[in-house]
């Protein structure tokens with residue numbers, strides 16, 4: 001099938017974007033609504049359903065970096081609803097456009113075949129399917145990086161006011177969608193400096209002005225994000241190993257990342273097009289790694305906008321071969337990622353079995369059941385409450401024992417819980433209490449660290465330990481679900 005697709009597209013000279021976009025769109029729609037939403041998608045679901053005024057006030061305290069995306073999704077939800085399919089469909093469209101425009105970029109930089117191969121390869125990379133089927137901002141940032149690089153190439157060839165304005169707007173939108181995406185400017189700066197070295201001064205300074213204007217609207221968001229550092233406090237310390245593992249993390253599979261990286265290295269030349277693509281892949285991780293030595297920010301998702309560059313460089317190399325080796329390379333790419341592409345479409349394919357947790361609680365529920373949460377659970381403190389709200393039917397839903405104000409009920413991101421002197425009254429002699437914890441390694445003691453000593457006294461944990469005993473605990477992917485019964 002791949003052979004005939006590439007052959008027909010090449011021979012008929014249909015638009016270079018058509019085959020990559022078609023493949024990406026089909027893969028994006030394949031079982032789109034089947035995987036349960038994981039923590040970050042649930043954050044999108046929760047924020048998108050808030051009144052806009054409440055959401056804006058919440059963004060002043062937390063998640064400001066996702067504010068523009070949440071606002072767009074808020075509008076979308078009012079039109080399309082909040083099912084998994086509806087929430088993820090904009091990401092499918094963005095990734096489809098990204099695959100098509102990457103092919104256009106490859107054609108402009110090198111050749112029709114290079115663009116076609118790169119676009120199809122991008123659609124076949126497992127990470128493309130993963131993020132096409134995720135209700136988060138990353139597909140839009142990848143699309144923005146491709147558009148910005150297309151504009152950069154045209155600016156370097158023949159700058160015009162229209163191109164420069166378009167570039168500034170694209171950079172601004174990328175930064176407002178995800179502040180670290182403005183690192184694309186550093187990558188383009190390498191090529192711009194090269195033009196300065198070659199005595200094309202007007203090109204450099206025009207680009208510099210456009211880039212500066214693009215970055216300017218992002219600066220207030222950067223400042224606000226420095227006040228919300230708790231959101232990134234969980235990021236592990238980076239090292240050289242972290243950087244080396246980046247191709248694997250970006251593509252989702254070590255073999256796929258290694259295969260693409262080997263081809264990408266062979267794409268290097270002293271041509272401007274080669275430097276443009278490779279600097280797009282190399283410079284942002286280097287800059288972010290340097291910044292991480294001051295404040296830890298190096299996380300592979302924040303660099304997903306460099307994935308198209310890796311695939312484009314690999315596609316340029318692969319396209320130099322004859323048709324049969326080209327097709328063999330694409331088939332190998334598809335085969336290397338086949339298993340994880342299938343896994344991504346399982347009910348727990350987004351690595352958090354939220355559907356399974358909801359089904360378990362619904363099946364075991366008894367009237368009078370309550371549920372207790374770790375209000376300051378590390379990494380994803382909102383997820384457990386969202387899982388119950390999303391995946392447990394209302395008539396099977398345990399009472400949220402300690403919540404005074406529900407999660408996102410006003411302008412608050414997390415719930416507001418009972419003070420220590422009201423915990424017994426809030427629990428109200430519930431015969432059974434469910435406890436849902438992030439990570440499936442807490443089976444031995446699901447109550448351990450239920451309260452965070454930095455924020456809470458520990459009274460809630462002591463109350464549950466004193467008055468209840470563990471009846472049963474289940475391990476679900478990324479979760480421990482425990483059922484406690486009142487001690488006799």
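Cβ from N, Cα, C; glycine included.
Database features (TrEMBL):
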{"type": "DOMAIN", "residues": "71-222", "note": "domain 'Glycosyltransferase RgtA/B/C/D-like'"}
{"type": "TRANSMEM", "residues": "12-32", "note": "transmembrane segment"}
{"type": "TRANSMEM", "residues": "85-105", "note": "transmembrane segment"}
{"type": "TRANSMEM", "residues": "112-129", "note": "transmembrane segment"}
{"type": "TRANSMEM", "residues": "135-152", "note": "transmembrane segment"}
{"type": "TRANSMEM", "residues": "164-197", "note": "transmembrane segment"}
{"type": "TRANSMEM", "residues": "203-224", "note": "transmembrane segment"}
{"type": "TRANSMEM", "residues": "250-268", "note": "transmembrane segment"}
{"type": "TRANSMEM", "residues": "274-292", "note": "transmembrane segment"}
{"type": "TRANSMEM", "residues": "299-318", "note": "transmembrane segment"}
{"type": "TRANSMEM", "residues": "324-344", "note": "transmembrane segment"}
Who are the chain neighbours of the transmembrane segment (164-197) in space, where the CB to CB distance is under 8 Å and they lie at least 6 residues beyond its ends?
65, 67-69, 137-138, 140-141, 144-145, 147-149, 151-152, 155-156, 203-204, 206-211, 213-218, 221-222, 225, 272, 275-276, 279-284, 287-288, 297, 302-303, 305
Determine whether the transmembrane segment (274-292) and the transmembrane segment (203-224) share at least three Cβ pairs under 8 Å, counting only pairs 6 or more apart in sequence.
no
Recorded stretch, among 12-32, 203-224, 250-268, 299-318, 324-344, maximising Cβ pairs under 8 Å relative to the transmembrane segment (85-105):
12-32
Same-chain residue ranges lying at least 6 outside the transmembrane segment (135-152) that approach it to Cβ under 8 Å:
37, 40-41, 44-45, 66, 69, 73, 84, 87-88, 90-92, 94-95, 97-98, 101-102, 104-105, 108, 163, 166-167, 170-171, 173-174, 177-178, 181, 184, 188, 191, 207, 276-277, 280, 301, 304-309
Taken over the domain 'Glycosyltransferase RgtA/B/C/D-like' (71-222), the model's mean pLDDT
96
